[in-house]
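What TrEMBL records for this protein:
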- 108-130: transmembrane segment (TRANSMEM)
- 151-172: transmembrane segment (TRANSMEM)
- 204-222: transmembrane segment (TRANSMEM)
- 229-249: transmembrane segment (TRANSMEM)
- 269-289: transmembrane segment (TRANSMEM)
- 301-327: transmembrane segment (TRANSMEM)
- 347-370: transmembrane segment (TRANSMEM)
- 399-421: transmembrane segment (TRANSMEM)
- 427-447: transmembrane segment (TRANSMEM)
- 459-477: transmembrane segment (TRANSMEM)
- 483-504: transmembrane segment (TRANSMEM)
- 511-532: transmembrane segment (TRANSMEM)
- 513-563: domain 'Cationic amino acid transporter C-terminal' (DOMAIN)
Amino acid sequence: MGLSNSDGEGIRRRSCGCGKEDFLPEESFQSWGNYANALKATPSRLMDRLMTRSAEKTELVEMKARSEHEMKKNLTWWDLIWFGVGAVIGAGIFVLTGLETKEHAGPAVVLSYVVSGVSALLSVFCYTEFAVEIPAAGGSFAYLRVELGDFVAFIAAGNILLEYVIGSAAVARSWTSYFATLCNHHPNDFRIHIPAFADNYNRLDPIAIVVIIVICIFAVMSTKGSSRFNYIASILHVVVILFIVIAGLTKANPKNFTPFAPFGPRGIFVASAVLFFAYVGFDAVSTLAEETKNPGKDIPIGLVGSMVITTSAYCILAVTLCLMQPYQQIDEDAPFSVAFEAVGWSWAKYIVAAGAIKGMTTVLLVSAVGQARYLTHIARTHMVSPWFAKVNERTGTPVNATASMMAATAVIAFFTSLGILSNLLSISTLFIFMLVAVGLIVRRYYVSGETTPLNRNKLIICLILIIGSSIGTAAYWGLSKGWIGFTVTLPIWFLSTLALWLGVPQAKEPRVWGVPLVPWLPSISIAINIFLLGSIDKASFGRFGIWTAVLLVYYLLFGLHASYDTAMESKTQTVESNSSV
């Protein structure tokens, strides 16, 4: 049950300064004795959080009351389309296309973009249904709290925040590379080389820090103002993309498309897993649902429309690049600028660099807006300090969350190379998108108190088989060069999805907009996301494992107890409110 406005006043007043009560206001942290008792109760509290699912009304009413002030509802589908285009185009095509074309896919990089684009589009469908039904700033975190419970939502939340910090850091470093090209310098000329530091961490990037600070100022001033800046910059960016395609194709050489797939099918999928980075931005658009005037209409148009535009643009640009220059000669840092220089149009590289900088600027802006809203909603649950949940009364933006996330981004961008960032980012992104697809299936097939135990158990078995067979397919692809294993894993996936479709009745129909062909589309999304995860290198999984372990330690020591206390307080206030009526 959600709280009325009067019920939320006590919560709102707590989050108004920078004292201990604003960072650790929960009962478990009021004394060392309380904290010791809380730690002793960890097993029972963990079980409670594992089994508890949030109510939609809680996410939409009570959570908002914890931010002191509401965000302003002033966005339309037009804003969302341009937020989507601005968030996505620039991050992938100008950052990673050169690297993946040269090292993994060759001209077949266009197929890599198609694969990752199809996977992203399936995820967009899942996000759209959730965003329409639960228009909260928390995006996938809020969706997973409602369908899969607090614990799964927290693990996802940690990876969501990692995804945004790393993604923004990668783009900020590439901003420096293209700025150097624009100034007629080598991409690394404006970085400070420290030989004593380890490789991939020894080129310090002060320009990236300055760019992040400027973006942070824009993001905290106004969401609508950020939207206007974004679509003006994005329109200019589209003009530059049209120039690249038209001018580039006049210098096309079909011979450069041979060999088309020099690294084979495996290279295409390895590149596709990394290039999924290029589609991360749409996730940020879903966090703007709370600020959208008409979520039922605006979100489907904004999300699906921007994804179709983006995928088409990526494929056309990738074809253009590979026709201009042999894949072996494509530059890893600034591929389009160097390609024009190679065909004798040195002047064109300045237009390309300027367009790339515009694109990456809008990516950083939308990312700053999105990640702050994720952190705001996570803080509303007290899984992190409620201080981050504050919304500024004048600007209607989460100033504390924005500044904190951008500070973390600046630290990472200062030290870390693009290759390290992109692989780790793709793991977090694919993992979250897979969980959202699972959450959608649970949403359609399970309603507490209505679904029979038999149908619940059939749902659990089908999901285990879908996920298990997808993991088996990805593992076999990564460890073997044969095909026999696929004759086992793929039929299991198909039959388990078919059994879910025919054998378990849907418990809930979408109220406004729904994903078509459920459970097939979300099941395909699960399979593709897990398959792409199997194409990422071991070192990145090692870093992902370390980060997840850090999240677990934090959760068991702090997040679990803070969110448990807050949930119990909310439940008590709800009971008191109901009894007084």
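Using N, Cα and C of the backbone, Cβ positions are placed for all residues, glycine too.
Whatever TrEMBL says is automated annotation, not expert-curated.
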Do the transmembrane segment (427-447) and the transmembrane segment (204-222) come together with 3 or more C-beta pairs under 8 Å, pairs six or more apart in sequence? no
Within the domain 'Cationic amino acid transporter C-terminal' (513-563), residues counted as helix, strand or coil by DSSP: 40 helix, 0 strand, 11 coil
Tell me if the transmembrane segment (229-249) touches the transmembrane segment (347-370). I count contact as 3 or more CB pairs below 8 A, with pairs 6 or more residues apart. yes
Most Cβ pairs under 8 Å with the transmembrane segment (229-249), selected from 151-172, 204-222, 301-327, 459-477, 511-532: 301-327
Mind checking which residues reach the transmembrane segment (459-477)? Cβ under 8 Å, same chain, six or more beyond either end. 266, 269, 438, 441-442, 445-446, 451, 485-486, 488-490, 492-493, 495-497, 499-500, 503-504, 523, 526-527, 530-535
Within the domain 'Cationic amino acid transporter C-terminal' (513-563), what mean pLDDT does the predicted structure show? 86
